[in-house]
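Peer 1: Here it is, the structure in full.
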Amino acid sequence: MKQKIQKVYSKVGIKSDRTKNITKHVLVSFVYKGGSIITSFLMVPLTINYLDTENYGIWLTLSSFIAWFSFFDIGLGNGLRNKFAEAKAKGDLTLARAYVSSAYFTIGSICLLLILVFFGFNFFIDWTRAFNTNAALQKELGLLMPIVFSFFCLQLVVKLITTIYTADQHHSMQGKINFFTSVGSLLAIWLMTRIGESSLLIYGLIFSSLPVLILLGLNFFAFSDKYKEFKPTFSLWKKEYLKDIFGLGMKFFIIQLSGIILFSTDNIIITQLYGPKQVVPFNIAFKYFSVSNMAFSMILAPYWSSITEAYINKDFAWIKKSMNNLFKISMGTVLIVLLMVVISPLVYQLWIGKTVTIPLSLTIYMAIFFALTIFYSPFTYFINGTGKVKLQMYAIVSTAIVNIPLSIFLAKNLGLGVSGVIIATILCLVPHIIICPLQYLKIINKKANGIWDK
């Protein structure tokens with residue numbers, strides 16, 4: 001079997017071991033990610049049928065709110081990704097284990113503190129006002145929020161194992177986890193529609209606990225077998241190792257926090273301005289076009305850690321060739337996005353019927369957003385892989401500050417409605433579309449200096 005695969009590689013001109021590894025994991029990712037996309041699409045009508053439109057809108061808004069707290073990993077996940085890859089590339093396995101230990105115990109401690117604080121504040125928060133919904137739901141939301149938040153915090157810790165797999169260039173593992181989670185979620189919602197009454201509390205409990213249980217299983221398996229030599233140990237949780245991953249991780253933390261504000265506030269803004277029902281058409285359009293980004297991300301994702309390793313080994317020829325190929329693929333994906341606009345009315349009809357109406361203007365603006373995101377993503381991954389993220393950090397902080405007031409101004413003051421929210425995000429992408437390709441060209445041509453090289 002391996003010989004047949006090697007013959008295929010030779011025929012299509014794939015010679016680099018690094019590229020062969022990426023190709024293998026991309027193909028595996030397509031299978032699992034494709035399955036995840038199909039199941040996520042099937043879940044939308046089932047969920048709307050089980051919860052109704054308003055409760056589904058509340059869940060989407062609640063999920064966006066909880067996602068904000070992902071920044072409490074303080075960038076250690078991405079810092080670990082780069083530093084673990086560097087340590088392994090240099091053959092220093094003890095240092096790699098120290099980085100793993102420092103990341104696990106630090107994020108674990110932060111999450112434990114967060115859970116305790118959240119439980120305390122939960123008694124004083126009126127969640128129905130926060131989500132602009134019926135006051136009768138306060139008791140249910142008061143129970144649901146700490147449950148979902150606790151499982152989310154646990155997920156921050158246990159999902160570090162996928163960072164290790166990715167840093168070690170086993171890029172398809174994240175896709176496998178997402179697939180098993182999606183299939184489990186689909187089966188759960190199908191059973192709930194058959195045997196249970198509509199309950200946002202039960203829905204939230206199942207959908208927040210399932211990924212944690214799957215990731216826990218992967219942690220036990222990985223650290224008792226494949227990554228036994230990197231199993232976290234308290235004795236290696238030391239300040240100097242934490243400082244290494246935190247130095248780079250702090251920049252990623254600021255980028256991550258700003259990214260959450262830029263990309264994860266839309267549902268909450270729409271809920272506050274127009275109510276949770278209006279989140280649903282926005283989210284359906286988002287989910288539809290996100291398929292293009294997911295497909296491209298399957299190809300793109302392995303390159304981060306591979307670029308880190310290639311950059312350390314000064315393999316600039318491989319980087320240039322890979323980036324040229326990624327640019328061509330990104331342009332092809334943008335054309336697919338345009339085709340998706342044309343066929344969107346038919347897809348919406350087959351997918352959700354007449355349950356929810358998605359305006360054409362919202363469809364077009366969502367397509368523009370994803371087309372721009374796909375265009376500049378390869379350059380962002382290159383910059384992240386090299387760790388020279390200071391300029392990117394300043395750019396995304398600036399646009400994150402502007403995004404929320406601009407969204408409200410366009411949606412409410414100019415009367416653009418829900419479309420105004422995504423238009424604001426599109427405008428905030430413009431600086432990144434200019435800066436990221438320029439920084440790539442400067443670094444790869446060895447002309448970067450000052451902030452371009454930091």
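Every residue gets a Cβ built from N, Cα and C, even glycine.
Features from TrEMBL:
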- 21-44: transmembrane segment (TRANSMEM)
- 56-77: transmembrane segment (TRANSMEM)
- 98-121: transmembrane segment (TRANSMEM)
- 141-165: transmembrane segment (TRANSMEM)
- 177-195: transmembrane segment (TRANSMEM)
- 201-224: transmembrane segment (TRANSMEM)
- 245-264: transmembrane segment (TRANSMEM)
- 284-305: transmembrane segment (TRANSMEM)
- 326-352: transmembrane segment (TRANSMEM)
- 358-379: transmembrane segment (TRANSMEM)
- 391-410: transmembrane segment (TRANSMEM)
- 416-438: transmembrane segment (TRANSMEM)
Peer 1: Between the transmembrane segment (284-305) and the transmembrane segment (326-352), are there three or more C-beta pairs closer than 8 Å, counting only pairs 6 or more apart along the chain?
Peer 2: yes
Peer 1: Which bits of the chain, at least 6 residues beyond where the transmembrane segment (21-44) starts or stops, bring a Cβ under 8 A of a Cβ in it?
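Peer 2: Residues packing against the transmembrane segment (21-44) from afar: 5, 9, 14, 169-172, 175-176, 178-179, 181-183, 185-186, 189, 284, 287, 291, 294-295, 298-299, 301-303, 306, 351-352.
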Peer 1: Six or more residues out from either end of the transmembrane segment (326-352), which same-chain residues have a Cβ under 8 Å from its Cβ atoms?
Peer 2: 41, 44-45, 48, 284, 288-289, 291-292, 295-296, 299-300, 303, 358, 363-364, 367, 370-371, 374-375, 377-378
Peer 1: Considering only Cβ pairs under 8 Å, which range in 98-121, 177-195, 358-379, 391-410, 416-438 makes the most contacts with the transmembrane segment (141-165)?
Peer 2: 98-121
Peer 1: Looking only at the recorded stretches 98-121, 201-224, 358-379, 416-438, which one has the largest tally of CB-CB distances under 8 Å to the transmembrane segment (177-195)?
Peer 2: 201-224
Peer 1: In the same chain, who gets a Cβ under 8 Å from the transmembrane segment (358-379) while lying at least 6 residues past its ends?
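Peer 2: For the transmembrane segment (358-379), the sequence-distant neighbours (Cβ-Cβ under 8 Å, at least 6 residues beyond its ends) are 281-282, 284-286, 288-290, 292-293, 296-297, 300, 303, 323, 326-327, 330-331, 333-334, 337-338, 340-341, 344, 348, 418-419, 422-423, 425-426, 429, 432-433, 436-437, 439-440.
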